[in-house]
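Student: Straight from Swiss-Prot, here's the annotation block:
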- 59-68: compositional bias 'Polar residues' (COMPBIAS)
- 73-86: compositional bias 'Basic and acidic residues' (COMPBIAS)
- 609-626: compositional bias 'Low complexity' (COMPBIAS)
- 1-127: region 'Disordered' (REGION)
- 601-626: region 'Disordered' (REGION)
- E280: site 'Required for function' (SITE)
- D340: site 'Required for function' (SITE)
- E364: site 'Required for function' (SITE)
- K366: site 'Required for function' (SITE)
Amino acid sequence: MESTVGPACPPGRTVTKRPWALAEDTPRGPDSPPKRPRPNSLPLTTTFRPLPPPPQTTSAVDPSSHSPVNPPRDQHATDTADEKPRAASPALSDASGPPTPDIPLSPGGTHARDPDADPDSPDLDSMWSASVIPNALPSHILAETFERHLRGLLRGVRAPLAIGPLWARLDYLCSLAVVLEEAGMVDRGLGRHLWRLTRRGPPAAADAVAPRPLMGFYEAATQNQADCQLWALLRRGLTTASTLRWGPQGPCFSPQWLKHNASLRPDVQSSAVMFGRVNEPTARSLLFRYCVGRADDGGEAGADTRRFIFHEPSDLAEENVHTCGVLMDGHTGMVGASLDILVCPRDIHGYLAPVPKTPLAFYEVKCRAKYAFDPMDPSDPTASAYEDLMAHRSPEAFRAFIRSIPKPSVRYFAPGRVPGPEEALVTQDQAWSEAHASGEKRRCSAADRALVELNSGVVSEVLLFGAPDLGRHTISPVSWSSGDLVRREPVFANPRHPNFKQILVQGYVLDSHFPDCPPHPHLVTFIGRHRTSAEEGVTFRLEDGAGALGAAGPSKASILPNQAVPIALIITPVRIDPEIYKAIQRSSRLAFDDTLAELWASRSPGPGPAAAETTSSSPTTGRSSR
């Protein structure tokens, strides 16, 4: 689960900012000059374009060949005949720019050969799985960071204009796959197989490469998230919701994005964070037991369900179904997200395999530790409000319970105003208004104001749980005073809160891979309490209540002894304006350009690319993906 987004980005010369509403770029032909200044002229303010095509050589060149026109620097024509130039994707070969360093495919090997032309390429097991990579990695693999790879790529080009963000990320992922293969952690031939799929993007695509094969592989391999060292390694040099900042003009990438998420171990956890880590599985169990259907329960009648085989790592618990690893955006490879719950089937290799043109529902789970009260404390106002809620089960009792703490999780703001960024859930319903509610005017960006208007009509669903049955060791939902099992409240997600921004980033990443499957995001709020002495050490089985919901869930769903006793589950749909995705994409390209130029300007003179020490083992060539 991602950490929350921080405050708006601090002012700084190198922070890239652009308006949220972006006009389309003017089309530029292949002969157009680059828009940005010389590489050592900082800061950069525009996105670079491909260099003009290099002069044509007098020798005949097969136009269908994907090999570089010129050999890498310091590589002479005396190379042996069996050392082929490194094969590139069609898009990369068409783009201009110098070739990459002379990077061996394996220790003692030669240049990376075209996977399609290598007769010794091993046959890949048709049942290979992305989830077989162990959680712990050897130190030499942990050293294969994106920053180190990027610096190695710069040693092999004559100008940073030759390297684009998407190509750089795909080249890194491909090289990492080969390293994993050499270490025996994935099937032989998998690295080349993934690159063959990646370079077969549709010719009409902007980058003419297909990022999903590589990026989907790593998403499937990192579903254990924080318990997986590969997950931590991939997040290094990747901008996530916790490191992306939001200013008045939209998303701001930190100048230090390449250094972000550098720690392979989680920071020291606060009690609130630990409460969330322990009880996120609780919320997941409740969600799948009562509210959300599983995507692995089978398809519609007549559908080819063999394609949609539910697949999870063998060490994932039942309550962790539909969890996601780190998925990188398919536009620039600069942004990553690890969704808590994505209701999407997977294929036999572990890849996300949504039904075409079907909405993708995903859920971001937040466990509110500030409601974790001691029910045995008679002086606690929250405990008293809880007793009243269990006795009456009315909307009035629920609102009183939510307001029983100093900073309630639902914040009221008057119509015509905008909410502050303090709470993730807000409402304009007069029933939630309090006598001491603040009527102050707040400043708000036009984009946030538009998102408030877009979400103001959303209604949340609230599921209430009764006290545990100590005789039968069960917990079940209870009906409200109206007789309904689900209460609909006019409460919506606050676009100014970090939780909303996190969901926005997740939607952007999903949309980049599945544009024909509109994302349907939700914010799930779990409220639970501490246990009484009689409840300590007891595992409670989840059962249906009176008027049970129709969604079938796993029969073995339960609440473990270390988890909180559930009180309520609030499910809030979230509406996102896809126009914001353009701002994220533009800002990510600008941030990459600025960082690349800084690395270029600060590089030290060294040997040519053929002798330079690099970490890449990729069977690609270094060309711009733009």
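Heads up, the Cβ atoms here are built off N, Cα and C, so glycines get one too.
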Student: Just to verify a number: CA distance, D340 (site 'Required for function') to E364 (site 'Required for function'), in angstrom, no decimals.
Tutor: 6
Student: Sort D340 (site 'Required for function') into helix, strand or coil using the DSSP assignment.
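Tutor: D340 (site 'Required for function') sits in coil per DSSP, no helix or strand.
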Student: According to DSSP, folded down to helix, strand and coil, what is E364 (site 'Required for function')?
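Tutor: Assignment for E364 (site 'Required for function') reads strand.
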Student: Where's the emptiest Cβ shell within 10 Å among the recorded sites D340, E364?
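Tutor: Output over recorded sites D340, E364: least Cβ neighbours within 10 Å is D340.
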Student: What whole-number Å value do you get for the CA-CA distance of E364 (site 'Required for function') and E280 (site 'Required for function')?
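Tutor: About 10 Å separates the two Cα atoms.
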